[in-house]
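Report on one structure; see the data block that follows.
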């Protein structure tokens, strides 16, 4: 499990007690409704959440990190109407922000009389309201959808639903505090979002959404800024120190770690407000959604919960003996949205043909003064087991007070959200190990195989699982190790997107999703390997320490092609292996797209050397041809590409060597690209006797030889005049500092040319370029020609280690004085971009830029 927090009595769920908060020990009346966990799970020990204790029984749905989990279906039902906090489902997009009660602020802006920042103490001084409320992810039961056809979301079982007592200030009271303007004055929507930079997309990387001002001000709707759950201040996984609570709506609208409120005349423009939590028509796929504007259509936004119900007893893989008739109590839950009351739950024993069995509804909640019901009901139905003997499918459905009920048939949608089809149990007559006749129950799509090793009937029906293979005794196929889990090639090929990207290395499969934001080469470096065997490319560019680091992302073995894998040995329990049988005809090759760019992030492309031009004694221009004379390279400004070559090393073994390069040719150049490369020869520099490995490989090429090229990669993109993206977060820029060392000039030169060749781009540039000697300065005539033709916008300053007499620029290591003379100081709209040897960046660039107001990784960006 891990190590108990050293000061657990002063902490709750890894956070310090809020001033005045009682310790959560067994003397505390809230202890049973929290069932607190004080130990760090081993699975969290090496990630950013290594301070948050979590219940070990929660089922992790997206690997170790980020933490997305649900309790086992039957377990959460046994807890009763109120869910212990430690067993509450969790939906996190990334690491949990480590926020503090005393320092956290909520910024309130927009159409209010008194824009301000308010503290948590300010909120706690407002009248406190406690609302019992069900939260559920709108992806609840999504695994059933994914078994029909993969959606864009990961699989939830039926356990993404929990009830807590939430305490906080009414949003209406907070809005009155700041003097919210009236609808007549234009105030129509209240926007709310979490911390900036939490997520990869959108203008500021925040998760945000909105509701109407009328809804926010309506006291009957119980909209809160919540800071307590089940009597104690919030668990970090659930939004500490505060979150939105919108009862009767999907959980995705109750934004956690609330940081900003904004009153507007328009609906939220947050990226996630448009691209998440929608139920698009079933014919809409990812391509048509993007091209035809479906994401921006407000008709499909999912706000209120729809009606839903499930069966928890009988459970998955549960058996009932058929030797005699007994009484058995069926159980489950039901809920609806918008405050609507559940009025009945029905059970059918013939697949939904007749509904003659109304269940007993167990109502624990007291509705609010407006008659709103914000939680769930549990239901029970005592039956004779003889009713199971003749049944093949048992179905439940719920009805609410508006006479809504559940659809009989599941509808596939792109995001897989809002699945509320009737919950169906399949029944199987079997003989147990003792030779007794029994009924085995099979739920549609549980997250984990049952105690007998069986998967859900939707998995089985899809033809992707072995129907009845007890995990303890299922024999592995030849070539498989029964103690390990496996991923088939077909499964691997499905994980190529940012939401879930896997790759194989030396026969093992790794989940790179959680490392996308932290990879030094940017997310593209991992995404281009997604769904593939990346062994050659990985070995070509990574050190032994990087290979060691890879171990924490291991998930399974790569199954040998053509070997069937039993369900109990598959990672996730789903066998999506595709076996190509002998004699199967190959699919016809697609026609060549003459307008397609040369670069392909998923495929190595051969480029032939057309010319070698010596620029100086140790600098060469290499011109490589594309597939045809009119073809564009397809490299966005600011990005680079990987070039590799298979060579025979000194030991006589074949190896792949690969490096990242930026061409000096403009994006609009057709038919070829140029690389200007400094050749680091062996036995020239005493500190580097072997010289530059790849530059010497390039120098040895003859005209007509080829290299392999793949890309683009990189986290920086100069998108259009005055705009750039850093890790896909778009920002405006007016002034760019560039610091380059040696061959690190080439990406700077690429960006400079793109800016200065566009008459509408007025961005100013300062370049500080460091080299060993004046003779080492690459592209000096071209640089100074750019500066001469744009004297008001381009300034260039050099520094060299060994200056010659009469040298008019700087000498030595880059220092603060040099930076202040050559570069812009930080102000909004100014960034610094860097490319050069790591020691230069670490010890010279970043420390001095920080003193000038730049923030590493945000406004001081390494290429």
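A Cβ is built for glycine as well, from the same backbone N, Cα and C atoms used for every other residue.
Features of the protein shown, as given by Swiss-Prot:
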- 137: Mo-molybdopterin binding site (BINDING)
- 519, 542: heme binding site (BINDING)
- 659, 660, 661, 662, 676, 677, 678, 679, 680, 688, 693, 694, 695, 746: FAD binding site (BINDING)
- 484-559: domain 'Cytochrome b5 heme-binding' (DOMAIN)
- 602-719: domain 'FAD-binding FR-type' (DOMAIN)
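Within 10 Å of the C-beta of residue 678 (FAD binding site) we count 18 further C-beta atoms, all protein chains included. Annotation for residue 676 (FAD binding site): same-chain Cβ neighbours under 8 Å, separated by at least 6 residues, are 615, 619, 620, 621, 664, 746, 778, 779.
The secondary structure of residue 695 (FAD binding site), as reduced to three states from DSSP, is helical.
Counting Cβ atoms from all protein chains shown, residue 659 (FAD binding site) has 18 others lying within 10 Å of its own Cβ. If you measure from the Cα atom of residue 695 (FAD binding site) to that of the residue listed as 'Mo-molybdopterin binding site', you get 53 Å. All chains included, 19 other C-beta atoms sit within 10 angstroms of the C-beta of residue 680 (FAD binding site). Cα separation, residue 693 (FAD binding site) to residue 137 (Mo-molybdopterin binding site), rounded: 52 Å. When every Cα pair among 659, 660, 661, 662, 676, 677, 678, 679, 680, 688, 693, 694, 695, 746 is compared, the largest distance found for this FAD site is 23 Å. Counting every protein chain shown, 13 other Cβ atoms lie within 10 Å of the Cβ of residue 693 (FAD binding site). On its own chain, residue 137 (Mo-molybdopterin binding site) has 89, 91, 156, 160, 161, 250, 251, 252 as residues at least 6 apart in sequence with a Cβ closer than 8 Å to its own Cβ.
For the domain 'FAD-binding FR-type' (602-719), the number of residues in each DSSP class (helix H, G, I; strand E, B; coil) is 7 helix, 59 strand, 52 coil. Within 10 Å of the C-beta of residue 661 (FAD binding site) we count 22 further C-beta atoms, all protein chains included. Note on residue 695 (FAD binding site): other Cβ atoms within 10 Å of its Cβ, all shown chains, come to 19. Per-residue confidence over the domain 'FAD-binding FR-type' (602-719) averages 89 (mean pLDDT, predicted model).
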